[in-house]
Amino acid sequence: MSKMASSIFATFSLLSSLLPTSLASSDANYEDFLQCLDLYSQNSIPVYTRNTSSYTSILESTIKNLVFLSPTTPKPNFIVTPMQESHVQTSVICCRMHGLQMRIRSGGHDFEGLSYVSNVPFVVLDLIHLKTINVDIEENSAWVQTGATIGELYYRIAEKVGVHAFPAGLCPTVGVGGHISGAGYGVLMRKYGVSADHVIDARIVNVDGEILDRESMGEDLFWAIRGGGGASFGVILAWKIRLVPVPPTVTIFIVPKTLEEGATALLHKWQFIGDNVHEDLFIGLSMRSVIISPKGDKTILVSFIGLFLGGSDKLVQHMEQSFPELGVKPHDCIEMSWIKSTVVFGVFSNDASLSVLLDRKNPFPPKSYHKVKSDYVTEPLPISVLEGICHRFLKNGVNKAEIIMSPYGGRMNEISESEIAFPHRKGNLYKINYIAEWEEAGSMENHLSWIRELYRYMTPYVSKSPRSSYLNFKDIDLGQTKNGTATYSQAKAWGSKYFKNNFKRLMQVKTKVDPNNFFCNEQGIPPFSS
């Protein structure tokens with residue numbers, strides 16, 4: 001940063017305590033906001049107003065949930081797409097100066113739209129251009145900017161060497177900013193834990209417009225942004241991550257079973273196996289309904305999805321010893337490189353090229369109307385409960401619902417609940433993701449009622465005190481406050497579910513680094529009242 005820029009930011013820091021503590025007055029002078037961006041930046045910052053021809057296309061470009069593309073959805077006053085770190089600093093400064101709330105978007109996969117929707121005057125800070133990835137194989141690490149996608153990260157790692165990986169999710173278009181700050185599940189979780197377990201440094205812009213790294217932010221804030229949701233504390237610019245070793249060959253399998261083929265009994269058996277098999281083996285599953293006749297008759301399809309860090313011969317041996325009922329045979333297994341497996345799981349095609357990982361317009365999964373929820377299971381579900389789930393999936397009018405179950409065990413059981421802000425560790429058998437999708441806006445209420453009724457049905461059979469949820473499967477039904485003005489007791493409604501006993505410490509960190517709650521949203525971490 002030049003001396004002039006440094007002086008500007010220093011001046012702002014001195015004046016920051018004089019800025020208003022509340023956001024978004026109705027008489028905010030938005031022209032002054034644009035002038036502020038020019039004043040505090042030495043080069044032009046891309047900014048789009050509602051009168052800009054490309055405003056709508058940029059706003060909608062990464063929105064995955066069609067629920068938030070309706071004409072009645074509140075739209076930002078401005079979209080800022082920073083090209084460099086100083087643009088982020090300037091944006092924070094000018095939003096604070098001119099009473100505009102900031103929503104921070106990296107990949108646009110926020111299930112509740114909180115990264116790009118607000119009910120007060122606001123700016124979307126779209127980090128899509130901050131996507132540089134520098135891989136250092138000698139150090140087994142990489143710096144990845146927050147606007148990069150998981151697919152891009154995977155591709156750049158494999159470009160350097162074929163026996164390193166990073167434990168993260170399946171969908172290649174998810175942005176690393178939100179994914180890692182919310183924890184980051186994937187098929188390597190039993191071997192290596194979640195993405196946030198492998199963050200060794202970070203760069204963040206704080207409420208005063210300063211860029212901090214791990215040393216300058218301190219260990220409390222560094223702890224909080226690993227699993228606690230970075231958007232409550234600042235703007236994550238980049239993560240330094242530790243890479244993990246993988247063998248040259250991994251093996252995958254996908255074994256589908258219908259109700260008629262004994263899917264319910266196999267699912268029940270899986271509950272006693274998934275968290276106990278060797279940590280090199282991940283066996284997850286997906287449950288959905290499928291139409292099997294022209295008359296619309298349906299059945300349930302349960303797909304058992306496996307990844308093994310090794311060859312198919314050894315995988316088949318493991319399966320014969322631990323889960324012979326599933327009947328995995330050599331012809332069910334496909335050997336490939338780890339990077340190829342990310343393509344297969346990411347787009348469910350064995351024919352797609354590796355370059356699909358770089359395609360931000362990848363149509364899989366397609367944009368849709370959807371609602372999600374999550375649970376953690378600590379005791380195996382009885383057969384009768386699984387049958388009750390199946391019965392609900394066969395309900396008419398709900399054809400695109402899905403449940404995904406991800407097993408625990410292995411490394412997930414070895415890390416303390418308080419090691420990072422993400423708390424869901426030992427004691428869980430598996431995590432459940434519930435997903436309801438629909439194709440027409442008019443079907444929303446039917447599908448919302450369906451998923452909420454299923455969630456209520458599951459109440460006696462999942463984790464308790466609190467009933468836990470996964471932050472990256474954000475669920476506004478857990479509770480919210482408008483404009484991020486929650487008290488401790490209000491925020492505990494969702495905070496205890498996402499963060500368990502770590503919630504109070506997260507609020508303590510928030511109170512220290514952002515006492516006036518500039519970085520806020522409907523389910524953010526609020527500060528303790530002064």
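First residue shown is number 1, and so on along the chain.
Cβ coordinates are placed from backbone N, Cα and C, and glycine is handled just like the others.
Per Swiss-Prot, the cysteine from CYS94, CYS95 that shares a disulfide bond with CYS36 is CYS94.
Listed disulfide-bonded residues: CYS36, CYS94. The one with the lowest count of other Cβ atoms within 10 Å of its Cβ is CYS36. Comparing the glycosylation sites ASN51, ASN483 by how many other C-beta atoms lie within 10 angstroms of each C-beta, the top residue is ASN483. Separating the Cα atoms of ASN51 (N-linked glycosylation site) and CYS36 (disulfide bond) is a whole-number distance of 19 Å.
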